[in-house]
């Protein structure tokens with residue numbers, strides 16, 4: 001067999017063994033919200049409506065910011081791990097946790113006025129009151145979510161997926177009976193659902209924190225908390241966190257805008273119901289390509305940080321092929337099940353027929369979503385968040401949303417027009433991301449990543465040299481703490497199962513870069 005095929009198959013095996021559990025982690029963490037909504041749905045229509053509105057409100061105004069900002073760690077931690085700057089992972093993670101927690105405070109203040117904001121935009125008073133109570137008791141979950149997302153990226157960039165899979169599964173298994181007890185047995189209703197989400201999220205954080213603190217798998221990347229290092233790292237973190245948050249928020253808000261527009265159509269109950277069903281399915285499916293894209297981000301960042309541009313390029317190709325295969329399977333299955341899909345969400349014949357009519361467009365949307373999720377992961381791994389945010393702005397709001405409005409209101413395609421517009425926006429996004437990826441100079445990307453890592457390493461060496469001059473006795477201990485085992489290539493998929501990668505020589509792989517680093521330090 002040709003050597004190129006052998007290398008590709010090995011890469012496929014690595015990514016497959018890590019992507020599958022990462023998809024499961026993403027789904028399990030999302031199911032906390034889904035289970036709570038399902039429980040509350042049995043309390044009555046008012047409770048379900050209030051919690052649904054509150055869920056959308058809290059996602060749009062809070063959770064999407066935290067999710068997006070934590071994406072910065074996929075770039076800086078992933079490339080730091082590839083460059084064997086292991087201690088930087090701990091520092092960046094602490095930096096992200098502290099800054100994300102600080103962001104939670106203004107978001108919490110906003111949630112205190114949930115009812116007033118919802119009433120201001122025209123929501124029913126009783127629904128707004130239920131949503132307000134739910135959002136208030138969800139505030140503790142907001143802080144837990146901030147820490148959890150930073151820790152997820154910490155483990156993800158090291159390909160330590162199984163600890164997250166275990167803790168997420170245990171948290172969900174705890175959440176189901178606990179939520180049922182609070183909602184029904186103790187009679188707390190919607191408040192109980194919010195409390196159970198908060199407690200389950202914090203339990204996940206605590207378990208991952210113990211693993212991070214005491215597991216030998218985290219020895220190399222574990223570092224002491226230093227406020228001085230956190231402050232210095234904040235500049236690098238926010239350089240990627242702000243555009244990363246914009247990238248995610250612009251994408252998530254687009255569907256909410258279309259849901260709002262559907263309420264302005266003739267027969268708004270039918271049109272909104274049909275569009276909500278379509279978005280519910282595509283949203284649930286999105287976690288599969290997102291998990292694949294997350295691992296693609298890790299692989300690309302690791303290899304760029306390690307100075308292996310060809311390996312990074314191969315990783316992009318492999319995750320794209322996986323996404324295309326998954327998209328074809330799901331979209332084909334969806335198309336052949338179009339006449340029964342609607343019954344999973346509604347028993348009304350009119351709704352079921354309209355959903356069946358929308359399925360061909362949804363099948364195309366599944367394909368574009370898969371490619372978009374994977375290419376967005378590549379963008380995060382390369383550190384293209386600024387470019388990606390601009391692409392999302394143009395694709396969704398300068399092209400997709402206006403097209404959706406024209407199709408829905410001018411050409412009278414109604415909900416179908418809205419879905420076509422959004423899918424067209426995603427398709428444009430995929431085309432632009434694809435062209436950027438195809439014409440990328442991977443050697444240049446690897447050089448940039450390595451240069452950033454070496455500059456940060458040189459800055460730390462300068463600070464430590466200055467510290468040793470002031471306190472001669474402290475230098476030896478710090479040098480001993482920096483001595484960590486090296487590794488060869490990308491952390492083997494076997495790390496997921498508890499086996500260590502073999503040691504390697506950083507100097508053997510990057511003699512020129514290391515010589516430049518030493519010369520720079522001497523100067």
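Our numbering is plain: 1 for the first residue shown, then up by one each step along the chain.
Backbone N, Cα and C atoms are what each Cβ position is placed from, and that goes for glycine too.
Pulled from TrEMBL, these are the features on record:
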COMPBIAS  453-466  compositional bias 'Basic and acidic residues'
REGION    453-523  region 'Disordered'
TRANSMEM  12-32  transmembrane segment
TRANSMEM  52-73  transmembrane segment
TRANSMEM  94-114  transmembrane segment
TRANSMEM  134-152  transmembrane segment
TRANSMEM  164-184  transmembrane segment
TRANSMEM  190-212  transmembrane segment
TRANSMEM  236-254  transmembrane segment
TRANSMEM  274-295  transmembrane segment
TRANSMEM  316-341  transmembrane segment
TRANSMEM  361-382  transmembrane segment
TRANSMEM  394-413  transmembrane segment
TRANSMEM  419-442  transmembrane segment
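Contact between the transmembrane segment (394-413) and the transmembrane segment (236-254) holds: at least three of their C-beta pairs are under 8 Å, each pair 6 or more apart in sequence. With pairs at least 6 apart in sequence, the transmembrane segment (164-184) and the transmembrane segment (316-341) have fewer than 3 Cβ pairs within the 8 Å limit; the two do not touch. Counting same-chain residues at least six beyond the ends of the transmembrane segment (361-382), those with a Cβ under 8 angstroms from any Cβ of the stretch are 71, 74-75, 78, 244, 247, 278, 281-282, 285-286, 288-290, 292-301, 304, 312, 316, 319-320, 322-324, 326-328, 330-332, 334-335, 388, 416, 419-420, 422-423, 426-427, 429-430, 433-434, 436-437, 440, 445. The transmembrane segment (52-73) makes contact with the transmembrane segment (236-254): 3 or more of their CB pairs lie within 8 A, with pairs spaced 6 or more apart in sequence.
Per-stretch counts of Cβ pairs under 8 Å to the transmembrane segment (274-295) identify 12-32 as the leading one among 12-32, 94-114, 164-184, 236-254. Cβ atoms under 8 Å from those of the transmembrane segment (94-114) belong to residues 54, 57-58, 61-62, 65-66, 69-70, 72-73, 128, 131-132, 135-136, 138-139, 142-143, 146-147, 149-151, 153, 223, 225-226, 229-230, 233-234, 237-238, 241 of the same chain, restricted to positions at least 6 beyond its ends. Tertiary proximity for the transmembrane segment (236-254) is limited to same-chain residues at least six positions away from its ends with a CB under 8 Å from its CB atoms, namely 59-60, 64-65, 67-73, 75-76, 92, 95-96, 99, 376, 379-380, 383, 385-386, 388-389, 392-393, 396-397, 400-401, 422, 425, 456.
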